[in-house]
Amino acid sequence: MIQVLLVTICLAVFPYQGSSIILGSGNVNDYEVVYPRKVTALPKGAAQPKYEDTMQYEFKVNGEPVVLHLEKNKGLFSEDYSETHYSPDGREITTYPPVEDHCYYHGRIQNDADSTASISACNGLKGHFKLQGEMYLIEPLELSDSEAHAVFKYENVEKEDEAPKMCGVTQNWESYEPIKKASQLNLTPEQQRYLNTKKYIELVIVADNVMVKKYTSNSTAIRTRIYACVNTLNLIYRAFNIHIALVGIEIWSNKDLINVISASNVTLDLFGNWRRRVLLRRKRHDNAQLLTAIDLDGPTIGLARVGSMCDPKCSTGIVQDHSKLDVMVAVTMAHELAHNLGINHDGNQCNCGGNPCIMSATLNFEPAYRFSDCSRDEHWRYLIDNRPPCILNKPLITDIVSPPVCGNYFVEVGEECDCGLPAHCQNPCCNAATCKLRPGTQCEDGECCEQCQFTSAGTECRAAKSECDIAESCTGQSADCPTDNFQRNGRPCLNNNGYCYNGKCPTLDHQCISFFGSSATVAPDVCFNLNLKGEGNFYCRRENTRIFPCAPQDKKCGRLFCVLGPTGNTISCQSTYSQSDLDIGMVDLGTKCGDGRVCNSTRQCVDVNTAY
């Protein structure tokens, strides 16, 4: 017989209700003081981790007992999670701290099916929970008795200021056609399987130097802020079957590595360039968010590029650290990340079931935890139309560093599936009690899984995006769609106007259209003669500050030149460039530069048969 030791830490409601207090969350006008009672059943003599995988607390809210069930947010960190900061002399310092035994949890209130919770248990309980449709916050009180906590409604937190707070994405709803409802989309079985497949976003968060100053160089406080935000992000994105893993944070402790200014569009552009040139080369990730303490322009508290997920430059966002409350900053980050996932602002016709909507253009005083029906439909449409490839990269089971626990929505070593606790599981393929597939089933999720069985061999699971792409089909032996492949590089495309390169057909004309609009075309050869000079922005190669002119045969592999509409008797050579990103405006690699010739990585026009 296994002996069980029942460990109980007393928690009772303190016989006092405060009228006003200053807490870490701000000025609170009405609160209750409680003492947590934690009940944990442990085998006698078993080693107890610092932070258990599951915990249970009992306390009273408004005089009524509640039971808070908490489960550690497994998968919050990736195996290769790293932290980067900078020494006073500017040296980059990267560490890989152990994060197995972290203290961030999701949870629910017993007997409240609509309840949620996002809690840090690092030093007492700090976070928020939803009870009977209302948002409550809990945090430790700085009293001699360290077990005392304050519990209060979100509505009892005084507003920090009355100024409106908005997203910087501008949009004229009247210019858009009505959103086609998900039920109106004529989805193929392959598309439906793709939508049902779980997605993963590997996230990096960068804290700028103003954040460092705001938190008085306390890197622990900055980390705690970021961890709490990402813990809430994960809770929000369960609605889209998306898991967010924090793969790294970077703190610009010495100075900013870009020019962070209040003009949010400029800062976002500079951050995207830095991410593409620097961050992606040393840290694999899908999306990066800049967390800044600078006061962005006007009422703006965030900005992101719509529909840019997985793009090397544009899969980014900027979020102002605008509130003392972690949840408010987390909701803003969720909003900007949703823009990256193809979701625009909600219009008046959008519905969140009477709750504040995450994609409202203006920040609600009450935290928005739900996506509207419009957001869901736009997100699905974006996924179907764009198929962002990076979010299907499922972390390996062995990459999850903490011990497995069944019921946390994350498949770990020894598990075949994980659909949450039995009360919440809606997956007919998975036994929620054991995290094993039910008898007679082969799979629970994937582009090649349908009704718990592997899709038959030959069933298309990824359509070709262009004539340079290849459609992939299921093997009949796996729930996963095979690796995305494309036609061989150098294959003629677009009626011999280009050659395939990494699944696309780059041409000079298409690049001109992307920069200058639909009326733009490639300029005459005389414009490209400017690249022969090797002066200013007109060249083929650059090494540090030194530039090299193009050889005559390579001039169409340097700076791109276009003309805008009919030119008459004069030619206006149009080009574009950026001081922050020197590759912008250069001819793309793989572009046709002559009959049977393409631009290679050193910007030479070479024979297509020897280029790859």
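Glycine residues also receive a Cβ, built from the backbone N, Cα and C atoms like all the rest.
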For the Zn(2+) site that Swiss-Prot assigns to His335, His339, which of the candidates His322, His345 is also assigned?
His345
From the disulfide entries in Swiss-Prot, identify which of Cys481, Cys505 pairs with Cys493.
Cys505
Selected from Cys417, Cys419, Cys425, Cys474: Swiss-Prot disulphide partner of Cys448:
Cys474
Swiss-Prot annotation N-linked glycosylation site: which of Asn186, Asn218 has it?
Asn218
Swiss-Prot Ca(2+) 1 site partner of Glu202, Cys390, Asn393, selected from Asp286, Asp311, Asp469, Asp480:
Asp286
Give the three-state DSSP assignment (helix, strand or coil) for Cys493 (disulfide bond).
strand
Out of His335, Glu336, Phe410, the recorded positions in the record, which is closest to Cys527 (disulfide bond) when you go by Cα distance?
Glu336
In sequence order, what residues of the same chain, 6+ apart, have a Cβ less than 8 Å from the Cβ of Cys500 (disulfide bond)?
Glu467, Cys468, Phe486, Gln487, Arg488, Asn489, Gly490, Arg491, Pro492, Cys493, Gly590
What Cα-Cα separation, expressed in whole Å, is found between Cys374 (disulfide bond) and His345 (Zn(2+) binding site)?
9
Taking Cα atoms as reference points, rank the recorded positions His335, Cys429, Cys443, Cys452, Cys593 by distance from Cys573 (disulfide bond) and give the first.
Cys593
Whose Cβ lies within 8 Å of the mean position of the Cβ atoms of His335, His339, His345, the Zn(2+) site, other than those residues?
Cys167, Val169, Gly302, Ala304, Val306, Glu336, Ala338, Ile343, Asn344, Ile358, Met359, Ala361
Where does Cys390 (disulfide bond) sit in DSSP terms: helix, strand, or coil?
helix
